[in-house]
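The structure under discussion appears below in the form of C-alpha cells.
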Amino acid sequence: MTTRQHSSFAIVFILGLLAMLMPLSIDMYLPALPVISAQFGVPAGSTQMTLSTYILGFALGQLIYGPMADSFGRKPVVLGGTLVFAAAAVACALANTIDQLIVMRFFHGLAAAAASVVINALMRDIYPKEEFSRMMSFVMLVTTIAPLMAPIVGGWVLVWLSWHYIFWILALAAILASAMIFFLIKETLPPERRQPFHIRTTIGNFAALFRHKRVLSYMLASGFSFAGMFSFLSAGPFVYIEINHVAPENFGYYFALNIVFLFVMTIFNSRFVRRIGALNMFRSGLWIQFIMAAWMVISALLGLGFWSLVVGVAAFVGCVSMVSSNAMAVILDEFPHMAGTASSLAGTFRFGIGAIVGALLSLATFNSAWPMIWSIAFCATSSILFCLYASRPKKR
C-alpha cells in the first residue's frame, strides 16, 4: 500500500469517526423519547421537539461554520465546534425540565454542524468530484457503525441507568474526537486560498448559490430526501414502541435493518459512481425512495402489516447516504472555490427542511402510522419534483 493510500485511509477513518457524533446524538437518543415523555409528564409532540430543535440548530450552524471554514481554515472551526458539542451534551444531561432540554438540544445541534461542514469541505480540498463521492461513501460507511449500534446501546442504557447517561456518553465521545482532531488532522486550506471573512462577501457567495437554479434544486431535492428519513427518526420510536409494542431495548434491532440497507447502498454507490457518475447515482437514489414511499402507502392501505412498513422504511433510509454524498459531489463541483459556503448552504437546506417537517409532524396525533407515512410520501414526491425540474434541458 502506498503512502497516499495510507494517508487516504487514515483521513477517511478519522473523518468517519468524527462524523459519528451527529448520528450518535440522534440515534442513541431515539429509544428514550417515550421514556422522557413519561418522566416529564408531557405529550409525545413536546419530546419530538427536542429532535426538531437539534436539527434546526444543526441547520443554522451550517450557515455560520461554512464561511468561517473558508476564511479561517478547516481545523480550528471543527475543533471549536466539537468542544462546544461536548459542553452542550453535559448541559442536556443536567436538564431538569423538557423546556431546558429543548433549548439545550438546539445548542447541541448548533455545535454539531461544525463537523458536517468541515468534513465535506476538507474532503473537497483533497479529492476531485467522482473521487470525492467515492471517498465520502467510505466516510459514511464508517459512520454507519454509529447508527447501527446507537439505538441498541441507548436502549440498554435506559434499562440499566437512565436517559441522562446517553448525553454523558456523547460528551465523552466529543472530548475524544477533539483530541483526534488536535493531534491527527492537518489543515487542508492554505492561507493563500482563504477568503476574507466579510459579511458582504459571505452574502454575495450565498446569493451566487441561490441564483444557480439547478444547484438550488439539487439542494432542495437532497433536503426533502433527508426530511423523509427524519420523519421516521422523529415519529418512528412512537410508531414502533407505543403503537406496535416493540420494547425500548429491542427498538435498536429493528433500527439496525435500516443500517443494513444503508450499508448495502453505500457499497453499491462506491462501486458504481465512477462508472455512471455522481449525478445519475443521485437521481437513482431519489427514485428508489419514491418507490419505497409509494410501497408504504399501498401496504398500509391494504393492511399488509407491521413488517411491510419496517422493510419500506429500511429501504428508504438506505438510500439517504447515496443521495446525500452524490448531491454534495455535484454541488461542490460547481463551486470548488467556496466549498465551505456551498456545503453549509446545502446542509442548511437538508437539515432545515428536516427540522420543519419534524416540527409539523410533532403536531400529529399518533394513533396509527399514517402521519409518518404521509410525511415520508410527501418528502419523496417533493424530492422527485425538484430533481425533474433541475433535469430540464437548458434554454438556449
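Yeah, the Cβs are placed from backbone N, Cα and C, and that goes for glycine too.
Per Swiss-Prot, the topological domain holding His164 carries the same name as the one holding Ala247, which places both on one side of the membrane. Packing against the transmembrane segment (373-390) from elsewhere in the chain are residues 213-214, 217-218, 220-222, 224-225, 227-228, 231-232, 235, 282-283, 286-287, 289-290, 292-294, 296-297, 300, 309, 313, 316, 323, 357, 360-361: each is 6 or more residues past its ends and has a CB under 8 Å from a CB in it.
Ranked by the number of CB pairs under 8 Å to the transmembrane segment (49-65), the listed stretches 106-122, 166-185, 286-302, 345-366 are led by 106-122. Tertiary neighbourhood of the topological domain 'Periplasmic' (367-372): same-chain residues 231-232, 235-236, 239, 243, 300, 309, 361, selected by CB-CB distance under 8 Å and a gap of 6+ residues from either end. For the topological domain 'Periplasmic' (27-48), residue counts in helix, strand and coil come to 17 helix, 0 strand, 5 coil, using DSSP.
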